[in-house]
Amino acid sequence: MLPPPRPAAALALPVLLLLLVVLTPPPTGARPSPGPDYLRRGWMRLLAEGEGCAPCRPEECAAPRGCLAGRVRDACGCCWECANLEGQLCDLDPSAHFYGHCGEQLECRLDTGGDLSRGEVPEPLCACRSQSPLCGSDGHTYSQICRLQEAARARPDANLTVAHPGPCESGPQIVSHPYDTWNVTGQDVIFGCEVFAYPMASIEWRKDGLDIQLPGDDPHISVQFRGGPQRFEVTGWLQIQAVRPSDEGTYRCLGRNALGQVEAPASLTVLTPDQLNSTGIPQLRSLNLVPEEEAESEENDDYY
């Protein structure tokens, strides 16, 4: 015996729920959110596939707005739609139209940056073809052409263009400054400093009241430098081993290149064990002093 036919209302309910999900607009913002927007556009394309492509009437196409990565043709090759931005999901197969196609200067690549050994599946993401920095006509350095084009489309009235390849010339800028700190005699102290500049900056350390560049001839003070962590940056450290009361004072990180100089001070407070016991940690914290361990943890934070 055949089961009784389902009422028409029951058959239509799943379709209505799907349409409600599909047609719900994504949250607004300068850069579209990858998840909801992809689901909406992808399911809309799947629904359209069942109907096939209607005759193309460009005059009936809605003009897309806010396309920071430019425009591409839709699945039927008729109307324009916003292209996908860098970092958004995309269709590896050019003939597919679920996630969408990447914009100008972008290409769809498998992102293998995840931990494949733990079962993470590579995703197809839009990636910029070039990773070379550029100087914009606004005097700002852009990490690559795709970022500059996004900024240009976000601010069309600015007439932003490429001034020249490579970063804009810039005086030094302190990216991560040394922090005020304290410690007990006999312990080690480290100050850190990161400087951005183009041309590259040099870093030196000085102490208020001394005319020499550290470390001088002091065997318990050492300095170290390395490039990075980002391009056109340099990082410097000042280490004082087994601090003494005479080490107390203000130390300065100085960054300079041909276009200028910048500096950032940090104070060191040195306590004897007796002073520490009589003063107490709460009183020290009221002076806005940061212990060495906390200062190091803040310096290791990603500042981008």
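A Cβ is built for glycine as well, from the same backbone N, Cα and C atoms used for every other residue.
Swiss-Prot names the disulfide partner of C76 among C53, C102, C108, C126 as C53. Per Swiss-Prot, the cysteine from C79, C82, C126 that shares a disulfide bond with C102 is C126. Among the candidates C56, C61, C67, C108, the disulfide partner that Swiss-Prot records for C79 is C61. Cα to Cα, N159 (N-linked glycosylation site) and C53 (disulfide bond) are separated by 38 Å.
Using CA atoms as reference points, the disulfide-bonded residues C78, C82, C90 were checked against N183 (N-linked glycosylation site), and the closest is C90. Rounded to a whole number, the C-alpha distance linking C78 (disulfide bond) with C67 (disulfide bond) is 17 angstrom. Cβ neighbour density within 10 Å is lowest for C78 among the disulfide-bonded residues C78, C90, C108, C253. Each residue of the domain 'IGFBP N-terminal' (49-129) gets a DSSP state, and the totals for helix, strand and coil are 9 helix, 21 strand, 51 coil.
Rounded to a whole number, the distance between the Cα atoms of C193 (disulfide bond) and C135 (disulfide bond) is 25 Å. Of all the disulfide-bonded residues in the record (C82, C102, C108, C193), the one with the smallest CA separation from C53 (disulfide bond) is C82.
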